[in-house]
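**Q** OK, Swiss-Prot features for this one:
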type: ACT_SITE; residues: 37; note: active site, proton donor
type: BINDING; residues: 61, 160; note: (R)-pantoate binding site
type: BINDING; residues: 61; note: beta-alanine binding site
type: BINDING; residues: 154, 155, 156, 157, 183, 191, 192, 193, 194; note: ATP binding site
């Protein structure tokens with residue numbers, strides 16, 4: 001496996017692989033790799049001949065007061081993990097490499113952004129101003145640097161997954177977006193690099209997120225057609241955790257990410273929650289197909 005630190009080196013390797021007739025896959029990550037990331041890598045290895053994993057803690061997707069400075073970083077550990085999986089390249093650029101004009105005194109950048117509108121109005125986007133603009137901008141840069149045929153993302157970050165699908169469609173990228181189901185701990189908690197912030201009591205209570213989205217799925221599959229009823233089922237589960245500070249519990253259309261009041265048979269919806277335990281913010285969700293109306 002090659003460790004590549006510059007865009008030029010990454011593009012050169014991608015061009016060489018393409019010249020050999022290989023298909024290319026990209027797995028973008030923030031690093032601090034866990035089993036959830038490795039599921040994405042394994043999927044990429046099945047999708048393409050040549051796999052690149054990017055490791056880059058992107059500053060533009062973190063807002064004021066968020067955990068950019070404290071976000072876990074373990075470049076050498078990530079390198080060893082990826083080498084063991086026979087990944088072809090690890091692309092780990094510096095901030096200066098990805099945002100070359102950030103410190104330009106005359107005209108500091110970036111001046112060019114990629115922004116997918118409307119899809120960031122609810123869920124996480126309503127509370128993390130500028131987050132998804134940072135995500136779509138850096139992913140566009142990674143697409144240009146790594147030149148993939150396939151890009152693999154986790155469906156745990158459901159809003160991001162839907163937004164990136166629309167990004168590729170609207171900007172005519174010849175790239176397939178592949179979504180991988182959420183990887184969970186044995187007790188259901190979605191795997192996340194931020195789980196390590198939790199103290200033992202918070203970690204025990206954090207399972208209410210999975211309980212909440214499971215309750216939403218059961219309510220919908222059981223015939224509940226009022227979004228209010230589904231949200232109520234989630235809130236009942238979240239209330240079992242005394243230290244949980246619920247940011248949102250919502251049901252939206254899975255494609256438009258707009259809120260729904262009444263669930264329509266055949267519609268795909270997304271039930272999602274975001275919860276703080278102290279300073280640690282966790283998310284979870286489930287995509288659910290609304291069943292046919294019962295006769």
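Even glycines carry a Cβ here, placed using N, Cα and C.
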**Q** Report the largest Cα to Cα distance, in Å and rounded to a whole number, among the residues 154, 155, 156, 157, 183, 191, 192, 193, 194 that the record lists as binding ATP.
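**A** Largest pairwise Cα separation, rounded: 17 Å.
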**Q** Tell me the Cβ neighbour count for residue 183 (ATP binding site), meaning other Cβ atoms within 10 Å of its Cβ, over all protein chains shown.
**A** 17
**Q** Cα distance, residue 156 (ATP binding site) to residue 61 ((R)-pantoate binding site), nearest Å?
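**A** Spelling it out, the Cα of residue 61 ((R)-pantoate binding site) and the Cα of residue 156 (ATP binding site) are 17 Å apart.
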**Q** For residue 160 ((R)-pantoate binding site), just count the other CB atoms lying within 10 A of its CB, please.
**A** 22
**Q** Which whole-number value in Å describes the distance between the Cα atoms of residue 192 (ATP binding site) and residue 160 ((R)-pantoate binding site)?
**A** 15
**Q** Using DSSP and three states only, what is residue 194 (ATP binding site)?
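**A** Reduced to three states, the DSSP call for residue 194 (ATP binding site) is helix.
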**Q** Can you check which residues sit near residue 156 (ATP binding site), meaning Cβ under 8 Å from its Cβ, same chain, 6 or more apart in sequence, and list them in order?
**A** 36, 182, 183, 190, 191, 192, 283, 284, 285
**Q** Out of 37, 194, which has the highest number of nearby Cβ atoms, where nearby means within 10 Å of its Cβ, if these are the recorded positions?
**A** 37
